[in-house]
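Only one structure is covered here, and it is reproduced in the block below.
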């Protein structure tokens, strides 16, 4: 290493410290080789191709400023003092790596953009084909509990429109989202307008179908209505009619059975006995 420094010291001349902007044809050596660090004024003669041309900084008015630079060969000195030429084409071109990287990145993006079969199966139920036409599947309806419906109905009777803070408070107290509360009030208002338009019962007299506390069953008739029309006060005649009807039914209830020369009579209340056949008299 000492030999290298000895050979470099004499190469420094006063002319090397000239103004770098005086030579319009000179350019910075770091622009020629992307692999070498920026060289100083002491390295310009050490890395010069011909040994006598000194490189300075690039002038803004230079004709070579901004032009593509060709590959060059620069000298290097070993430890033993021998020098040689290093070709810039001995290393692979950086553009080939860049092209290969972009090709691989494009292929990777195309592979990632294609959804997997499992993801495609998950997204397909959102659209269903009905009669050859796509139809969007509706989300399942929200099932409200009895407590939630009762609270919503009471609030709707007080006011049909809720402000944003009131809606947020009601949703938090019932364990619902603000969207669910808003949709319930919208549906309730639509039903109410439809009832009013059809000329049905007024809202205050029409029981709500969504209110579990409302009694929607028909009213039971009064106790005195179930007894039927009042009968005229003919009690003696009614008693006689009932007695005659009972006797007629008793006669019809008697069954005559005959077996040989005997008759078996079954009388109401179910007593079975036999009677002897008398002289033309039947008991």
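Each Cβ is built from the backbone N, Cα and C atoms, and glycine gets one as well.
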Region 'Disordered' per Swiss-Prot sits at which of 158-197, 198-237? 198-237
What does DSSP give as the helix, strand and coil breakdown of the DNA-binding region (137-196)? 43 helix, 0 strand, 17 coil
